[in-house]
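Asks: Pasting in a structure now, in structure tokens, and then I'll have a few things to ask.
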Amino acid sequence: MTPSREGARIALAVGAALALGFAVMACVSDQPWAAFRALLTGPLPSIERAADGRVVVHRLVRFGAWLQDATTLTLVGLAIAIPFRARQFSLGADGQLFMGALAAAAISLGLGDTPTALPLAFLAAAAAGAGWGLVAGLLKTRFEANEIVTTLMLNVVAVQVYRLVVGRVLNDPSAGFITTPPLPEAATLAPLIARTTVTAMVLVAPAAVAAALFLLRRTTLGYEIDLAGANPWFAVRAGVPVARATALAFALGGAFAGLAGFHVSNALLKRLPVDLTPGIGLEGIVVALLARGRVGALPLAALGYAYLRVGAQAMERATDVPREVVLVIQALIILFVVSDRLAPLALGLARRASARIGGRAA
Amino acid sequence: MTVAPLAIALEGVEKRYPNGTLANSGVSFAVAAGEIHALVGENGAGKSTVMKMLYGLERPTAGALRIHGRPVDFRHPGDAIAAGVGLVAQHLNLVPSLTVAENVVLGHEPRRAGGRLDRAAAAARVRALAEQSGLAVDPAATVASLPVGVRQRVEILKVLHRGARILLLDEPTAVLTPPETATLFATLRQLAEAGRTILVITHKLDEVKALAGGVTVLCQGRVTGSARMAELDEGALSHLMVGRDLPPPPPRRTARTRPVPRVVARGLGYVDDDGAIRLRDVGFDVAPGEILGIAGVEGNGQDVLARLLSGAAIPSAGDARLDGRVFTGLSPRAVHALGVAVVTEDRLHDGAAPTLSILDNLLATRYARPPLSRRGLIDRGTARRWAQAVIDGFGVRAAGPDQPMGALSGGNMQKLILAREIADAPAFLVASQPTRGVDIAAASALQSRLAALRDQGAAILLISADLDELLALSDRIAVLYRGRIVARFAAGAVDAQTLGLHMTGLGPSLDGDDHDAVA
């Protein structure tokens, strides 16, 4: 399927989901139009000309929330999409993110206000995430442990390790709650846009996607991962180190989830609370799903999905529509996007695709 | 005397796919009830599309189909099955983890109270059906453990179990050995005599001759000829099918010089994970410029032998040397680096990655070293130029290096696989079933390539179920039976009949050992 057709198909799916979502809103809300408007325009800043002639930009916070959410989602999306190239269903982005965040905070606190703290924290986060991913990879390739089970269990382990370390080792007794001390300023990223948490990480995310694409398309390792995913029996017979490539696919994905952890610790929160909520890693699955496993489409999918998440928050605050309705719309979008044959256009495309398959076999 | 009613009739059938491809146009032919009818033509001629329309997998865009005289409009295979039409696909659709009986009754299971599967009844039913139709199978065997020839019998049983009066078979002999083919033909004749109608796609002229009462030739989606077999000799049929005369088979090497063997295998044995002896005390020499043919009924150790020689399995005993260096027991990559190339027997399983591009498939054995990659970076430009050169050089019909491998016909796929394997001018090629399921023209091209490789001094081990191919190409032939070599011949001094006897264990024993001891 060509990218443009696929794009049209996704636009249609999203449109249909929004239309259905509006119907749901009209049922539960007294002000469905306002709610719908809040949902669709919530993440955008509003630009107004004030009485004294100055241009005032409102709601930058939510605009920033959109971008930083998309950043995190892109990175955790990579953590899902890369192992998927090797046909591995990793659900381990959460654990890798927690390990990355922990490593970044530990290095930052350990090194203090030195110029090396920031890059080293960055690298440590990637390494910790990669290491955590590699565990699942090795469990799979050495012991044939099902990766869905191991990655989910490793998530639990990672979260508990995180809580243990934050609560017992890196705890700041002067804070009123269980948390690490604030990270030293030299180790944290300054906002690019005032009043927001949008930092240089917003540029790191697309760079990470570009790096991942380069790795998958141009390197021998990327080729090995593709081949191992496409037909492992053939790959083995051809002499491709399938086990190594598969394990490294987990590690590579983990590195990006680790960077998402760095984003959380050194850009967003600048300290790590013990009750950091897990779950964003699982949202990475949704993003990878929306991108149809295509690495290049991850940033777009992440932007779209983050837009909806932030719009939902805006709607919840501004109107009587509960957040659950947005969860319904999100679920509808995913259903429509993954159901190839739902939309009429999709149906036509699917028919053409199957005709192509059928035609060549004649 | 009454004219036999027509079981299948196509009237001006056209199939145009939405992307514009015209797979069939103005196709008309008829098959009488109880007739075995052959549908022949080169790959891409539209034979499978005809089958698909008759089985409800595709709908004609024009024209009419009649089954037993009644016009039909099959929307899905369920309609076709209800009308008594059954398809035995080229790539078998069985559940490997289930037993033969479970596979056969799948979808039409005998049930006990509470809707549970009645396994005993299923097994009994399948055993009875198997006896009736002469298709010997063990109903309790797990499909995964069966050789492909037996799996096909299971597939036919499945179709019969659904009550098919019309059987569609898409290249049924592509996966069979000569004795299995003979068994299948006997079965098909028996089924036809019992009133069932059989439409069979095949590439092989002698099979058409041996089996069919009528033949229809398709070329580029159109019927170019239709005849009663009695009116046609093989030459005329061949000419009709290919549209030109085939080149003569590549001549066998005649110089009988026997230089130092290039490949020496001694005492090769393999015991599988279940403790079954799959290969025992297999030894052979292959000289440079020589083709050693391995004949045998499928499942007698050919696949194991190929795996041992390619590094995919480690021998339990013995070894094989290439120019004096042991190459068994090494990794596939190390084996390849020593100059051993492998064409695996099932191209879709472990010979190619159908979802990846032609380019990515060609890269598989060469991507890790110059000129295609340096320091871990693949040189896509060089790789692409090479892939295009291979496509052109081997006469592969493909849109370009980016086309998915799976979109190609079997013959074109096999050409690319052979091209990949011989790209590094191997010293030793293990070729398993190199022309299985490919059309005559492609098979002929592949055989010429093998002969050319031999003439360049490579040693070739040719494992084939096609005895004509073995006899035409090999210098010597060894017969594998129950995991050991039971007979050796100079190719010029043996015929298919004799080989067939040895393949089924009926030939005089080579060395008097008790073969039955080999499990």
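From the backbone N, Cα and C atoms, a Cβ is placed for every residue, glycine too.
Sequence annotations record features per position, and here TrEMBL assigns transmembrane segment to A:63-84, A:91-111, A:117-139, A:151-170, A:190-216, A:247-265, A:285-308, A:320-339.
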Asks: Determine which residues of the chain contact the transmembrane segment (A:190-216) at the Cβ level, with the cut-off under 8 Å and only residues 6 or more beyond its ends counted.
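Replies: Apart from its flanks, the transmembrane segment (A:190-216) reaches 60-61, 63-65, 67-68, 70-71, 74-75, 78, 82, 85, 222, 225-226, 252, 256, 259, 262-263, 267-268, 295-296, 298-299, 302.
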Asks: Other than its close neighbours in sequence, what residues sit by the transmembrane segment (A:285-308), given a CB gap under 8 Å and a spacing of at least six beyond its ends?
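Replies: Those are 6, 10, 14, 39, 43, 66-67, 69-71, 73-74, 76-78, 80-82, 84-85, 91, 93, 205-206, 209, 212-213, 216, 326, 329-330, 333-334, 337-338, in sequence order.
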Asks: Using a Cβ-Cβ cut-off of under 8 Å, list the residues of the same chain that are 6+ residues beyond the ends of the transmembrane segment (A:247-265) and lie near it.
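Replies: For the transmembrane segment (A:247-265), the list is 68, 71-72, 75-76, 78-83, 85-86, 88, 90, 92-94, 96-105, 108, 121-122, 125-134, 136-138, 140-141, 147, 183, 201, 204, 208, 212, 215, 221, 225, 228, 271-272, 276, 280-281, 284.
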Asks: Same chain, outside the transmembrane segment (A:117-139) by at least 6, Cβ under 8 Å from its Cβ: which residues?
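Replies: Contacts with the transmembrane segment (A:117-139): 79, 83, 88, 90, 92, 95-97, 99-108, 111, 145, 147, 150-151, 154, 158, 184, 186-189, 246-262, 265-266.
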Asks: Mind checking which residues reach the transmembrane segment (A:151-170)? Cβ under 8 Å, same chain, six or more beyond either end.
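Replies: Tertiary neighbours of the transmembrane segment (A:151-170) are 90-92, 94-96, 98-99, 101-102, 105-106, 109, 132, 135-136, 178-181, 272-274, 276, 278, 281.
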